[in-house]
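Chemist: Starting off with a structure, shown below.
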Amino acid sequence: MAEQKKQLLIVTGMSGAGKTVAIKALEDMGYFVVDNLPPELLGSFWELINNSSDFSKAAVVVDLRVKSFYKDLVDEIKSLEDSQNVQSTVLFLDASDDVLVSRYKETRRLPPLAHTGRLLDGIQEERAILSRTKNISNIIIDTSRLTTKELKAKLVDKFGDNQTRTFSIEVMSFGFKYGIPIDADIVMDVRFLPNPFYIPQLKPFTGLDRRVFDYVMSKKETKKFYAKFLDMLETAIPGYIAEGKEKLTIAIGCTGGQHRSVSIARQLAVDLAKKYPVDISHREISRYIGQ
């Protein structure tokens, strides 16, 4: 089977049109990204990428921060493709003048060519210089009416792969007495539920034991709470996915992480696994096994 040809993505466009957002989105998709690369170094960069097994997807950002070199960008792209048989894609990010003016006013920054301090003059001069590059671009995205989330979604749609779009959930039980997990996105306190700790026959065991699990899950208070909690999660999770989140960590806590949190986490993992990939872990369980 022939080795898959590496591709080079060249990102350019108007200052303020979303290149910073694009960098973060591409990195999240597994791209090796170099920002502010002078066009004359494109050939050297590609040689490095092409000869390395560490990088399968690479992107460079070139804009007018390197104005003295930018005029050579189109020629450098053509030279690179002719001499090294590179399959490159040029992405041009654009936005209307009025939107760019508004964005610069919000950030209190100036475009790179606003030498006199006049925003519009700098934007229009930049647009004129970039026109040749825009004409040879493979993909042009106008970000004028796009939110950050919408721009990320467009980039994932065009440059992502199936693996990029995966979403998974980790359900974790823990004990508050040992600290809240710092990487949890959602923390649910179930210390208000009936506690098997006070049942002598159940105290030595954990929520992994069927007797403890049945005790916790059969209680009226648990059933009422769990139904509402699951409904809340099923409502919220699509929103997390829409925001581009790849992994959601749900932490369920009771006092020691032995009985109630383990039982709830077990049931939650079963129910969420009907729709999503789910991993489950019990942070404190080793404290109680083998006692």
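A Cβ is built for glycine as well, from the same backbone N, Cα and C atoms used for every other residue.
Sharing the features that Swiss-Prot gives for it:
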BINDING   G13, M14, S15, G16, A17, G18, K19, T20  ATP binding site
BINDING   D63, L64, R65, V66  GTP binding site
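In the displayed structure, how are the listed features positioned relative to their neighbours?
Modeler: Shown in sequence order, L93, D94, A95, L100, T143 are the residues of the chain, 6+ apart in sequence, with a C-beta less than 8 angstroms from the C-beta of A17 (ATP binding site). Taken residue by residue with DSSP, A17 (ATP binding site) is part of neither helix nor strand, so it is coil.
R65 (GTP binding site) falls within a helical segment according to DSSP. Neighbours of R65 (GTP binding site), defined as other CB atoms within 10 A of its CB across all chains, total 13.
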Chemist: For the recorded ATP site, whose residues are G13, M14, S15, G16, A17, G18, K19, T20, find every other residue on that chain with a C-beta no more than 8 angstroms from the centre of their C-beta atoms, and list them by sequence position.
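Modeler: What remains near the Cβ centre is D63, L93, A95, T143.
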Chemist: State the count of C-beta atoms found within 10 angstroms of the C-beta of L64 (GTP binding site), not counting that atom itself.
Modeler: 20
Chemist: Does anything in the same chain, at least 6 positions from G18 (ATP binding site), have a Cβ under 8 Å from its Cβ, and if so what?
Modeler: L93, A95, I141, T143, L146, T148, L151
Chemist: What is the number of other Cβ atoms found within 10 Å of the Cβ of D63 (GTP binding site)?
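Modeler: Here the count is 23.
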